[in-house]
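Below is one structure, written out as structure tokens; the observations come after it.
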Amino acid sequence: MPTEIGGFNETQAAALFAPQANFMLGCQFASLVLDTFLGGILVMQVHQYFAYQKNDKLWTRCVVGWTFLMNILVTCYYWSYISYLFVTYFGEWLPWLEVQWLAKMPTFDVLCVSVVQSFFAYRAFLLTRRNWFVLVIAESLILAAFGAAIALTVVFGSQPSLLGADKSGPTLITWTATTTAADVLIAVCILYGLLKSKSGWAHTDRLVTRLIRLTFEAQLPPTFLSIAYVVEWVIQPSSLLGAVFQALQCKAYTVGLMFSLNARISMTSDAKTLTGAPPQVFGMSQRQTTNHLEVAVETETYINYDQPSDKKTGSLSDFDDVHRPLPYDSTARLTSPDPTHIA
């Protein structure tokens, strides 16, 4: 451990950070707690994915495996950093000026986030009927964000102390701006493709509406985090509050990815349930359906009053000499409808 960092010794570092000790400690512990909490959620999501979707496409399983491993690495990295501050150098303020730990975090984030964004970019490509223009623009923004994150690691890591964070402003803004632009483009294209998929059939439209809601739930949280990170940095570049947003970013993207993948399980189950449902007329989305088919049958009852007669007839069906043809004197009345339910 050096005796000075960026021209500050332990006494000067204590005088600099002691007035805001509660805020700084709160930011670091919040980053660790939130990252670990989301890591637990992610473990359950990944377990559910591999338990129920073993036959998914190989490249999709590779995406899940890579992002999961990167998130585990990020969580272990945060635990090591907190141990470095509060165990190895407990009670000292000089380590808080170091940038070597914080500078590597953008690289870890982009190695995970870029893969998740590429996955959703491919979905947008398919939903827009294989529009290559959309895919090229989205991937260009993702690559720009990837390069900006690597540049941020280099620029911020070359600063003598945390107080030089304002020197990395252009690279940080480029990173977050291109990340946000890619998210917005992908979300808009997915929503456009889903809206164009509406056919007027109740079951299809209900599924499309659910997919639209799923898109918002999966992609808006990380987008808002990127915007909040930029706003926080513009207000105070050297604040550790940005570490909280950065800690959540990697997990937010991966949790959203797993949420959208695992949602296919319930959607497939609903589709199988609807297979045996009664047919529905096009455009009758709001019509109430029943569990059985109703058929109304009207019956007419004829009542005959017979009077015997002694006249002989030439009918071939007569076998005796005495014939009693029955003159037809009938009275018909219409009974009330008797509905018969066929299950």
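For all residues, glycine too, the Cβ spot is worked out from N, Cα and C.
A TrEMBL annotation is a machine prediction, not a hand-curated record.
What TrEMBL lists as transmembrane segment is 23-46 (among others).
Marked as transmembrane segment by TrEMBL: 58-81 (among others).
Look at TrEMBL and you will find 101-120 (among others) tagged as transmembrane segment. Within the same chain, residues 60, 63, 66-67, 70-71, 73-74, 77, 81, 84, 138-139, 142-143, 145-146, 149-150, 152-153, 156-157, 162, 175, 179, 182-183, 186, 190, 219, 222, 243, 246-247, 249-250, 253-254, 256-257 sit at least 6 positions outside the transmembrane segment (101-120) and bring their C-beta atoms closer than 8 Å to a C-beta of that stretch.
Residues or ranges marked as transmembrane segment in TrEMBL: 132-152 (among others).
Look at TrEMBL and you will find 172-195 (among others) tagged as transmembrane segment.
Annotation comment: TrEMBL describes 180-264 as domain 'DUF6534'.
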Taking a Cβ cut-off under 8 Å, which residues six or more beyond the ends of the transmembrane segment (23-46) line up next to it in the same chain?
17, 64, 68, 71-72, 74-75, 78-79, 82, 85, 96, 239-241, 243-244, 246-248, 251-252, 254-255, 258-259, 262
Quickly jot the same-chain residues contacting the transmembrane segment (172-195) by Cβ under 8 Å, restricted to those at least six beyond its ends, or write none.
106, 110, 113, 117, 120-121, 123-129, 131, 134, 137-138, 141-142, 144-145, 148-149, 151-152, 156, 208, 211-212, 215-216, 219-220, 222-223, 226-227, 229-230, 233
